[in-house]
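Taken straight from Swiss-Prot:
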- C131, H174, H178: Fe cation binding site (BINDING)
- E175: active site (ACT_SITE)
Amino acid sequence: MSVIEKLIKPAHLIDMRDIIREGNPTLRAVAEEVSFPLADEDILLGEKMMQFLHNSQDPVMAEKLGLRGGVGLAAPQLDISRRIIAVLLPNPEDENGNSPQEAYALKEVMYNPKIVAHSVQDAALADGEGCLSVDRDVPGYVVRHARVTVDYFDKNGEKHRVKLKGYKAIVVQHEIDHINGIMFYDRINETDPFAIKEGMLILE
């Protein structure tokens, strides 16, 4: 049984054992574009990836399955070298602890996503970044674009263009890096990990 056949079995729930770790060559390969109309297995894989993110953000399911929380997942992290990413960004509660009107700021499975424009200004998360494929802490500012325009296709083959900024832009860039064989720590300044470039936004 191939990797993808195992992952898309109806009863299978993706867990941390399915996620490959740094050092695996798939994480350093430039992934292949998917073709349209999508094969059923590509649609099912996208659905399974989104299901994993939902489970990882659910305290009960995360504990049951032993999941680390995640907001994004790329197919290469599952040892599938295809240009598929899933992003699930919850909206925060308000200052009174009330649930947001919209549960998610971004919820999408993107096929063949591509950054088509970006800001001159850079940005980085104040607390740095982590990755489900990296089991160690790598401190430092991960320098990315503050704003990006991304083209992608959905599972029906329809093309979309989204303009993203802030945390949404950071997360999508992290996942697009995965399909290009780039790890987040490649973007940390080796000699001065917390160097701040002129005009760079630090996102709390």
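Just so it is clear, glycine is given a Cβ too, placed from its N, Cα and C backbone atoms.
Annotated features taken from Swiss-Prot, shown on the structure.
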residue	record	Cβ contacts under 8 Å, 6 or more apart
C131	Fe cation binding site	E22, H174, M183, F184
E175	active site	G72, L73, A74, I85, A86, V87, M110, P113
H178	Fe cation binding site	L27, A31, A74, P76, Q77, I85, S133
For Fe cation, what surrounds C131, H174, H178 with a Cβ no more than 8 Å from their Cβ centroid?
G72, A74, Q77, E129, L132, S133, E175, D177, M183, F184
Under DSSP, is C131 (Fe cation binding site) helix, strand or coil?
strand
Would you mind checking how many other C-beta atoms are within 10 angstroms of the C-beta on H174 (Fe cation binding site)?
24
When DSSP states are folded down to helix, strand and coil, where does H174 (Fe cation binding site) land?
helix
